[in-house]
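S.K.: Questions regarding the structure given below will be posed in turn.
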Amino acid sequence: MQKRLTLLGSTGSIGDSTLDVVARHPDRFFVYALTAHRNGDKLVEQCLRFQPEVAVVGDADTAAKVAAKLRAAGCKTAVAYGPQALVDVSKSDGCDTVVAAIVGAAGLEPSLAAARAGKRILLANKEALVMSGSIFMDAVHDNGAILLPVDSEHNAIFQCLPRESALHGGVSKIILTASGGPFRTREPASLVDVTPDEACKHPNWVMGRKISVDSATMMNKGLEVIEAHWLFNLPGDRIDVLIHPQSVIHSLVSYADGSVLAQLGNPDMRTPIAHALAFPDRVDSGVGQLDLAQIAQLSFEKPDYTRFPCLALAMKALAEGGVASAALNAANEIAVEAFLTRRIGFMAIAQVVDAVLNSLPNREATSLADVVDADAAARRAAHAYIDGLPAGARLTERAVQ
């Protein structure tokens, strides 16, 4: 039987890779809905190719333009817009599988709607778990949803863990690998001069601009530690980060008997996407086989928290609990956007996040409203802090010494 997919964030990097895998297996997958924010032209191209029943965009103007182009091409895809439309296609009876690939906090509510509707969820939107934590996981468990991680690291951990959760007691710790990004060996003092284009040039992975910056600051790895805590029900002190520049080993699980299991593969997101789409089966992803002899050498090192203060901030937020992780994520989104638009320098990203975490009171997250309120407060605080920075400080100051 074909799986019927809603793809949230189809025009982004994960969306592209997902559709590449889907196109290789038309007998297995049917695209029910595609969603984008404002990239209407690309969404039209995708709709003409995959003929979904529904397309969703962020606003009425984009919806009108997309609908007109689809009608002119004879495509019968219905077009909707706005946050509620995202929720609707995520919980619709028209799909059984939701690929959650919207970047940032905007992906939380549709992902949560999919969980409450008992869908099979392929989670690429780590922010959903970072922000809502137990609220999201409770929705998954209470409604019989199936949660499959798409992030390469978490997908690797999932593959290395025993299928039966009762056997997870033999797990000693999990180890998330990180490439170290484009600035792993760069002199720390020179990081104040980093440009957005430099930060977006990842040495191994093809990603969108926001996640590329997060990789460069290693905030992405920090968010992944928080995500792993919720996905695999392990405390932060049993989740390690290991720098692995080649991005061949995607993560590892260490067991009580001294065994360590690892998942390896070429650095291409189509591999974890194909695994999650077809699970428990295996299908062709379009990714070439790994040639270890050609790679010849794999290297590892501990993360440098002085060079990567954002990683330390994420660890701090996880330890504090409550809404701290939601505030961390929100402040980081605002700071990264300010960096990409050249309002602040690269090293000021961590400064903004640290200031927001220190300025806002923490509290327990007992409802989605608590999470949304913390997110909004952190965004306001981040904007205010950036607006109050002297021009020089915006470029040079560091957050964590």
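Just so you know, glycine gets a Cβ as well, placed from its N, Cα and C.
Pulled from Swiss-Prot, these are the listed features:
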type: BINDING; residues: T11, G12, S13, I14, R38, N39, N125, E127, G208; note: NADPH binding site
type: BINDING; residues: K126, S152, E153, S179, H202, S215, N220, K221, E224; note: 1-deoxy-D-xylulose 5-phosphate binding site
type: BINDING; residues: D151, E153, E224; note: Mn(2+) binding site
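On this model, are these features tucked inside or out on the surface, and what's nearby?
M.R.: The Cβ of R38 (NADPH binding site) has 13 neighbouring Cβ atoms from other residues within 10 Å, across all protein chains displayed.
Its Cβ taken as reference, K126 (1-deoxy-D-xylulose 5-phosphate binding site) is surrounded by 28 other Cβ atoms within 10 Å in the chains shown.
In sequence order, L176, T177, E224, A228, H250, S251 make up the list of same-chain residues 6 or more apart from E153 (1-deoxy-D-xylulose 5-phosphate binding site) whose Cβ falls under 8 Å from its Cβ.
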S.K.: Compare the C-alpha of H202 (1-deoxy-D-xylulose 5-phosphate binding site) with the C-alpha of each of the binding-site residues T11, S13, G208, and give the closest one.
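M.R.: With Cα distances computed to H202 (1-deoxy-D-xylulose 5-phosphate binding site), the winner among T11, S13, G208 is G208.
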S.K.: Could you give the Cα-Cα distance between N220 (1-deoxy-D-xylulose 5-phosphate binding site) and N125 (NADPH binding site), in whole Å?
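M.R.: N220 (1-deoxy-D-xylulose 5-phosphate binding site) and N125 (NADPH binding site) have their Cα atoms 11 Å apart.
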S.K.: Translate the DSSP assignment of E153 (1-deoxy-D-xylulose 5-phosphate binding site) into the three-state scheme.
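M.R.: Going by the DSSP assignment, E153 (1-deoxy-D-xylulose 5-phosphate binding site) falls within a helical segment, counted as helix.
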S.K.: List the residues of the same chain that sit at least 6 positions away from G208 (NADPH binding site) in sequence and have their Cβ under 8 Å from its Cβ, in sequence order, or write 'none'.
M.R.: G12, S13, V103
S.K.: Determine which residues of this chain, when D151, E153, E224 are set aside, have a Cβ within 8 Å of the centroid of the Mn(2+) site's Cβ atoms, and list them as they appear in the sequence.
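M.R.: Going along the sequence, the neighbours come out as K126, P149, S152, H154, N155, L176, N220, K221, E227, A228, S251.
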S.K.: Other than its own, how many Cβ atoms are within 10 Å of the Cβ belonging to D151 (Mn(2+) binding site)?
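M.R.: The answer is 26.
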S.K.: What subset of the binding-site residues T11, R38, N125, K126 lies within 10 angstroms of D151 (Mn(2+) binding site), using C-alpha positions?
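M.R.: Checking Cα-Cα distances against D151 (Mn(2+) binding site), the binding-site residues within 10 Å turn out to be N125, K126.
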